[in-house]
Structure formats: C-alpha cells, structure tokens
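For reference, TrEMBL has these:
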- 23-91: domain 'ATPase F1/V1/A1 complex alpha/beta subunit N-terminal' (DOMAIN)
- 153-378: domain 'ATPase F1/V1/A1 complex alpha/beta subunit nucleotide-binding' (DOMAIN)
- G173, D174, R175, G176, T177, G178, K179, T180: ATP binding site (BINDING)
- S376: site 'Required for activity' (SITE)
Amino acid sequence: MSYDILEKIKQAIDNQKSNTEWEEIGKVIEVGDGILKISGLANVQSQEVLEVESDGKKVQAVALNLEEDSVGALVLGDSGLIRSGDTVKRTKQLLSLPVGEQLLGRVIDPLGNPLDGKGPIFAKADKIQYNFLEKDAPGVLDREGVNTPLHTGIKAIDAMIPIGRGQRELIIGDRGTGKTAVALDMIINQQFDSNPSASSGRGTPVCIYVAVGQKESKVAKIVETLKKHNAFDYTIVVSASASSPAAFWYLAPFAGAAVGEYFRDNGKDAVVIYDDLSKHAWSYRQISLLLRRPPGREAYPGDVFYLHSRLLERAAKLSKEKGGGSLTALPIIETQLGDVTAYIPTNVISITDGQIYLESDLFYQGMRPAVNAGLSVSRVGGAAQTKAMKKVAGKLRLELAQFRELQTFVQFASDVDETTKKRIQKGRIITEILKQSDQAPISFEKQVIVLYAVLNDYFNGFVPEQMQEIEKKFIEHLDGLHKDFVEKLKSERQLTPELEEQLKKIILGFVSN
C-alpha cells in the first residue's frame, strides 16, 4: 500500500515539473548614457532583446557585451525610466523588425515603428514577416556577377563610373559637396529606368534611404522632394534623427539592410543608401567606449572595420536559383578637408567595389555634380554598362584627362597652336555638358545621344558657355520629332550601325537648324 502512495507522489511531482516554466531573470547593477550593466543572465545571446521592468513599465534593451559575470546592454527606449536594481528578463528573441510591401512610402525608425503620423503600417489581419537586423551575407555560391545597370540619371556617373545592380559603390566627399543630392537624383531616376530584362513583377528597384544622425527638418525635406517627383511610392525612409539615442544611429543601417533583403530575397531589385556611415562609426565608437571596450586608432574599437564589412557584404546579386534578386549598397562617407586617407574612409573604400569622389574645389568652381573623374572608379560596374553607353563613353575619361593636362600646360605657354586650341575647346564643351542641375536626371538613352554628339565633334561649333542651353533644346528636339528613335534605342540598348546612321542624320538636322 505504501508503494502505491509513493508512486502517486512521484507522478504528482513529474506532472508539476512538466507544467513549470523556467524564466531567467537578471538585475540592473549600473545604468547611464543609454547603457545597462546587468548581472544574472548567464545564458543570454549576443543581439538578444531583453525586457527591463521598472515601476510597472517595460523598456527594451539589446545585449551587446557578454562578460564573465555581467552583460552590457544597449537601451532601445527611455533609459531615464530605468533604475539600478530593476528586474531584467530574457525574451529569447534576436533583434528584428517587420518587413513587407506595406513599408513602401513610409518613414520608420530602426525598430520598424512609423514616424510619419499615418498610423499603423500593418493591419491586424496581415501575416507579418520579421527579418533579423544582423544576418549573414549570402555565400559565394548564392551569388552571380553584376550584369544589370543601375542608372543614376547623372551623365558623369553613368558614362564614367557605371553602377550595377548588386554592387557596393561609395559616395565620398566633404560636407556640402552634394553627396545626398547624387543619392536623391538616383532615387528619382529609377521610375524612368525599369529593368527590361527582368521577369514579371520586377522593374523599378525599391529604394531605401537610411538617414543616420540627420536633422529631422532635412529628412522632412528629402521626403517632400521625393513626393514632388513621384518617387516616394517605391521608397522607404529609415530615420535615426540627430535627437535619437546613439543606439538608433547604430541600428539604422542594419535595419535598412534587413528591409532591402526582404525585397532581394523575393526576386526584386533594391537599393540602400546609407547617409552616412561616418556618423554610424561615431555612434559605434561612443557605444563601445561606454561599454568599456578597449579603444584603438582614433579611439575606435578594434572591430570597426568588421562593423562596416558585415553590413556592406549583405549587398549582392543573387543567382537565378536563389530568385535572381539584387541589393545594391550606396554608402556615403563625409571626409574632412578632402582627406580620403583617414581611418573610416580608407576602411569603407577597401570594402566597396568603387567610389564616386565629390571634390569641394570642383563644387566651388560651379561643376555640379562635383565628380572627380580621376579619383572615382567603379570596379565591377563596367560589366553591367549597356553596349550603347560603353561604345559612346569609352573615350570620355581619356578626353577629360587630356584636357586637364592641356589646361595646366596652357597656363605656362604664351603661344598655342590651332590643334591644341581645338582640343581645349572640345574639353570645355565636354566639361559643360557634364554639368547637371539637382533633381533633373536624364534617361540613359538621351545621355547616349547627347554624349555621342559631343564626343564626335558635332557640337564643336558652339560656344562652351551655351552648352547647357543647347543640350536643353536638343532634348526638346528629340522629344518633339524623334520619340520613336529614342524608344528604339531604349529597348535595344545598343547602337547598331543602322541606329548610328539614323542618329547622325538627327544630330546634323538639329545642328544645321
């Protein structure tokens, strides 16, 4: 009988065990500057979301430092609510944000919360997908070569520094040299540059603009500009404004990459602009110093290179087996007095597939965009450049280099022969034709036509100062009388002998009038 009683007691204990839920709880031992030091969470993961309970309110934090007897965490809310001794619970979930088509045309923070006052992004009935902010980049076998152009609508870039879908191209320059303007022109141009070789459902790339530490007024102005040019419908803005904590500055680029990966993994093309990674590095330095990580060069932590490499490696052109989608990264870096040899600029230059260098001297001379063709390069974009542009713009960089050399020589020469004068005149015409206003991108086929006319000496009879006006009239002439030719060039994407003969007649007809 006593044996039966023991069996019943044992069974009751087993049932009790199966109904018990274990919860790992820690305590805040230090709080300050948005950083928590927590004791008691022995099994916590890096990047895991933690929940701090303080006076009945819950504040989220993310674990970054895993030490022997404590955890260093970054507060994702109001750190002023947290007190020493507050309870901390594990959520057993890594940091993630909701992604989907519903984000198009919205402004969000790095955690996916709306900032535009338009209400919730996702309906209650929606099946919401979450993407981790930190995610491994696609492997070598999951990728293929960059082979489709991403036209920016800017002549100097599309002709000399072509960008391909899936590439990582750095935009670098001093403060106020037009880096954001180049990125905005690229976004605006995408509506005119859908991918003709794409399968159904693909076309205009989704653009994600990540604002790190920008003034809220500047972000509002950017949104207004995109709306004005009908470009906001295919754009998502991830904003961590100047008033946001350093945690949001640090997380914003990873959030932008996570959103872009959703579209890439669904077979679409996406472009992420990180504006800018200099501020991102500053925020990481601040967080690392507060977490007592050992400082290195310029007080940056030792893994600041890995911070940007793991972010930018997520940009890729996926193989057809993986859906054939692409994620293009356009990071922006701000230099001090044109010094591209500083720590963060050289790091990002070595990670990316090329850079567009905007020079302040050119900017103040009235060259807009202020692209320095000599220091700018695109290492993989040439493979993606259309045959028409490659044929026309092949000698453009050489022509410009020779013109700059002659310009320097002429300063010291008293007498110049006729041939040199003609070459200098042509160089001035090319320089003028490469100037372009903000928010006025030109479609690739019109760029090809204009550059063909200039590089083949059809416009040599004009005064260089008039070139902007001549170009405007020439484009109006094309739109008015030769729409069919422009459309044919757009669809064929190469300048066949027949099309070239036709183009010569069109240019001669315009010049003679």
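Just so you know, glycine gets a Cβ as well, placed from its N, Cα and C.
All TrEMBL annotations are machine predictions without curation.
Across the structure, K179 (ATP binding site) and S376 (site 'Required for activity') place their CA atoms 14 angstrom apart. Cα of G176 (ATP binding site) to Cα of S376 (site 'Required for activity'): a distance of 18 Å. You'll find the Cα of R175 (ATP binding site) roughly 17 Å from the Cα of S376 (site 'Required for activity'). Secondary structure counts, DSSP: the domain 'ATPase F1/V1/A1 complex alpha/beta subunit N-terminal' (23-91) has 3 helix, 40 strand, 26 coil.
Here the binding-site residues are G173, G176, G178, and the one whose Cβ sees the fewest other Cβ atoms within 10 Å is G176.
Here the recorded positions are T177, T180, S376, and the one ringed by the most other CB atoms within 10 angstroms is T177. In sequence order, E334, L358, S360, F363 are the same-chain residues whose CB sits within 8 A of the CB centroid of G173, D174, R175, G176, T177, G178, K179, T180, the residues recorded for ATP being left out. Least packed by the Cβ count within 10 Å, out of the binding-site residues R175, K179, is R175.
The separation of G178 (ATP binding site) from S376 (site 'Required for activity'), Cα to Cα, is 15 Å. Sequence-distant neighbours of D174 (ATP binding site) (same chain, six or more apart, CB under 8 Å from its CB) are E334, T335, Q336, L337, G338, L358, S360, listed in sequence order.
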